[in-house]
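K.L.:
The following block contains the structure, expressed as structure tokens.
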Amino acid sequence: NNVTIIVMITNLLENGRKKCDQYWPHDGREQYKHISVTLRDVDIYANYIVRSFQLRNTKLSKRRSRNNERRILQYHYTQWPDHGTPEYILPLLKFIRISSVVSSPESGPIVV
């Protein structure tokens, strides 16, 4: 589906319990079966983090498919409380605007 943007609004832990699996490497590269995920860049802001990944399908040779690599941007909102909704809406609205304007017409849907 040519997805290039992932929006994450939960943290990995909630009240000390695992809420979401970390599907990206802390640094460097990790292999998940035939998909290689390389963390390229991390930008930390007050209410969110932007991570850039390079995904590579190692099952496909470069000669067989020129589409075996893809750049993914992950927008991770870090201020969602463990219970309820955010107290202040403006940081969340800014996050939604920033994460949605980066999508290009060639991109697939934004995955939330």
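Positions of Cβ are set from backbone N, Cα and C atoms, glycine also.
Remember, it's a predicted structure, so these values are computed and weren't measured experimentally.
Straight from Swiss-Prot, here's the annotation block:
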- 1-112: domain 'Tyrosine-protein phosphatase' (DOMAIN)
- D82: substrate binding site (BINDING)
K.L.:
Quick one: what's DSSP say for D82 (substrate binding site), helix, strand or coil?
P.N.:
coil
K.L.:
Starting from the Cβ of D82 (substrate binding site), draw a 10 Å sphere and report how many other Cβ atoms land inside it.
P.N.:
12
